[in-house]
């Protein structure tokens, strides 16, 4: 009798919980604000990258210098906040030590997403050299396909047949859009802007730039292909007009998906779930500075330009603002992966697609063809079908994750709408010190 009474009591409690409508509580408000911040920063970043280019749709500055400065800003900010957290809770200082093999291997794990983010942040500059911003953000929806494939292959996440069908429609729509896309730097030249340099070049810099111009722009030589060479390489894809811009953005989608999935995994696995996000990001941004710094030092063209012209040569007002926007946009992504999940990050990117497309029509003289108006809605419709067909949870009350934020209190949030989060945060009983690396 007592067992029956307890079951009835539990059932009634579940019914009351299911019938309760979610209000605009603090977690919902934080989610809304975080989404708005991410959309604003992501849209601004794409526009600033485009505005910072010159008349030839190339960059007078070294794009790696933007990434180095933004990583340094994020590292300084996270270290300062981490010191406050450690001072407030002394027991967390152990996360900054590397006195054992386990701690060292745990620290080195952050180098993997840092390297992937390093590539992702660098490729975006060259994607916008070959594609209009509107086309770039639409093609970036290919990351939904790469994320789904990585979830299925790496994390064994299951998709229903409607989701697979929507991904197929998305893939075909993106392929169809390549038929009406300009992917040559020469075709997009003239969409850039004339900038006044912040620093007057020295005599040695003028001689260096003159020699570089004779060698056909040595600054970007390692990141660009000649039109003849690329057209010969891509001749087999001529029936779909596959260009270098398309290849770069497909590679970027794979890299960004892998980076976000792995970063979310180590942000939430085991005891990392309750560790301060600022301590975790300090490790990530340390490796980000290392990889970007090595690029400046090891690339002979980059090293020669810095030696002759200085670190900030070629920068303009837009590139300086871009440093700050890139830094805060990276922090917003970290907060999304820590407190929400990858799917929220992908969904917010769709709003960015609409904003950038609208701005491109108004500012960048982007004139969509009839094919664009027929195929672009198919991309957005397939994304809507993919997210609308996500299976509902069997249990009404989803699992609650408790995550520690800066104030030291615990913020509870739901993880019921993402199967990948449950898999990422599942603890393994057979973990050992040897397999942490």
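Placement of Cβ uses the backbone N, Cα and C atoms for every residue, glycine included.
Note that this is a predicted model, so its numbers are computed, not measured.
Topological domains recorded in Swiss-Prot put residue 266 on the same membrane side as residue 389. Noted from Swiss-Prot: of 93, 415, 432, the annotation phosphoserine belongs to 432. In Swiss-Prot, the transmembrane segment annotation falls on 242-262 of the listed ranges 242-262, 389-409. The candidates are 217, 231; Swiss-Prot tags 217 with the feature N-linked glycosylation site. Checked against Swiss-Prot, the residues 300, 429 yield a single entry marked phosphoserine: 429.
If you average pLDDT over the topological domain 'Lumenal' (180-241) in this model, you get 54. The transmembrane segment (133-155) shares the most Cβ pairs under 8 Å with 344-364, out of the stretches 66-86, 277-297, 344-364. Summarised by DSSP class, the composition of the topological domain 'Cytoplasmic' (338-343) is 4 helix, 0 strand, 2 coil.
The transmembrane segment (66-86) makes contact with the transmembrane segment (317-337), as judged by at least three Cβ pairs under 8 Å among residues 6 or more apart in sequence. A Cβ distance under 8 Å defines the sequence-distant neighbours of the transmembrane segment (277-297), meaning residues of its chain 6+ beyond its ends; these are 62, 64-65, 67-68, 71-72, 74-75, 77-79, 81-82, 85-86, 92, 95-96, 107, 110-111, 113-115, 117-118, 122, 263, 266-267, 303, 306, 331, 334-335, 338, 405-406.
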